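Undergrad: First, the structure itself, so that you have it in front of you.
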Amino acid sequence: MTLPTTQGQTVPDAWDYKGHPVDRSKSGGWTSAAMILGVEACERLTTLGIAVNLVTYLTETMHLGNATSANIVTNFFGTSFMLCLLGGFIADTFLGRYFTIGIFTAVQATGVTILTVSTIIPTLRPPKCNREDITTICTPASGIQLSVLYLALYLTALGTGGLKSSVSGFGSDQFDDTDPEERSQMSNFFNWFFFFISLGSLCSVTILVYIQDNLGRDWGYCIIACAIVIGLVVFLSGTKRYRFKKLVGSPLTQIAAVFVAAWRKKHLKLPSDPSSLFNIDDAAEGLMMKKQQKLPHTKQFRIYIYLATLSHFRTKIFISIVQFMNPKTTLYLFLASSIFAFLVSDSNQTTLTDVEEVKLVLRMLPIWATTIIFWTVYAQMSTFSVSQATTMDRHIGKFQIPPASLTVFFVGAILLTVPIYDRLIVPIARKVLKNPQGLTPLQRIPVGLVLSIIAMVGAALTEIKRLRAATRNGLTNNPTAPIPLSVFWLVPQFLFVGAGEAFTYIGQLDFFLRECPKGMKTMSTVTRNNHPWLPDNLNQGRLYNFYWLLVILSCLNLAVYLIFAKWYVYKDKRLADEGIELEDSEPAFH
């Protein structure tokens, strides 16, 4: 594949790093996008290079238990994704995408550097011990050693969250969506974006894992640290060519303002005519309004309609005030913003469309919530599945597969499922369902949920088979001896979860990008006292019960999802029923 070229003159609504209008031929385009793609590939290499093999480091080097190690890994993953919210808020409200990427990449590099140092300095990890001797009691990591480890991991997670929240958006900023040619190139950019994510993932689960297991963690983590620093340097080198956009404010501000104003105005009487509610058409021309799709009044969540109740007199007062204000410059996090919004809500009048946008988000929340169990299943691919692999026969001839490298089947399943869906499933679905899309987003998501259920059924059955093999060979009390059972018995669960992610994640992404207002994992380990499901020695545990629990929860979750999916009405249908034309939305990907 070759990267296309871009040509033109001045780009509207875009500036250079000095705040001047940018020339199309000297800014943005594929040259700038390639530098941004480079830092994203390094981020994937870094995050997965740590996460997929972290559970073995925690158990074998830090001498922590399987359950504790699994929780640390899933907490690391979960924190990385949750901090994307913080990173997005900071980028939209304070720093902009460029500075957010630069600063948080440096934070991530700092975290990885600390992790590397902790693997080099002997006092920052517990003394080595012979785990093959079942009579030996290995000393677990001390409080100070764990503190350094947590500092490294959560600085890395913080950097990952800030970087991931902005890198795709900043990449799309390098293309002018008002120009047909560049708009087409923007769509191609996201194909490259997914390609570089996959490339970084493949390198991390193969090359890096092999280096960590055979040359040492210090070498593996040092390579990761160098990679993210190189990515940062490459990213900064494109500063003079990047296109910058003005800050637009965070959707958290609007959501917080709507909830606070709803509470303050709960005693007001609703007008009988919805057209008398304050809407974006009533706003002053001088008010710097964000780009919004006008939405019709709906009867769900009626309490929030009080926000748009405004007399003609108050409208005039409001307009005269906001002529001198820009509500988008209000800076606060969501909870803090609720307090601030309580104090200033009279001067930040909420329109009917603002209210309907928040109600739209509320309608989507059940769909989002019913995918949490899927990501819990997803997390097991980097925790207990890797722990299982360490106890099994991993040889192909004389070559021994690193246990974390089984994740390559997971990544491979994603890469195979996407073209299979596009070239095979979509044409069939178009004919059967009479839908040009093939499967709608709400139809794609449950396919992934079903595949995750199948994966956990397979995982439970494989674990039962593994335990029987351990019992037959007298290895129940020996957690380090390899069980004469091929590690490839674990491959189906990786394949099914990988294929499930291709359906659920992309379907979820498509759903939220399609339905969101224009302009806006982890699970605790289950165990018992007498016969723990997840002991330090998996051969004495009942990991299969944990997998069966996930099967039950996933089935219940699927049932709940189907109920909410049946209840949900797509935005374009609601607008069509009200006679409102749906505006073309800007391409937006996460």
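Counting starts with 1 at the first residue shown.
Cβ from N, Cα, C; glycine included.
Curation plays no part in TrEMBL annotations; they are all automatic predictions.
Marked as transmembrane segment by TrEMBL: 72-91, 97-121, 189-212, 218-236, 331-348, 360-381, 401-421, 442-461, 546-564.
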Undergrad: Under 8 angstroms, Cβ to Cβ: which one of 189-212, 360-381, 401-421, 546-564 has the largest number of such pairs with the transmembrane segment (72-91)?
TA: 360-381
Undergrad: Mind pulling out the one from 97-121, 189-212, 218-236, 360-381, 401-421 with the most Cβ pairs under 8 angstroms to the transmembrane segment (442-461)?
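TA: Counting Cβ pairs under 8 Å, the winner is 360-381.
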Undergrad: Most CB pairs under 8 Å with the transmembrane segment (546-564): which of 189-212, 218-236, 360-381, 401-421?
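TA: Result: 360-381.
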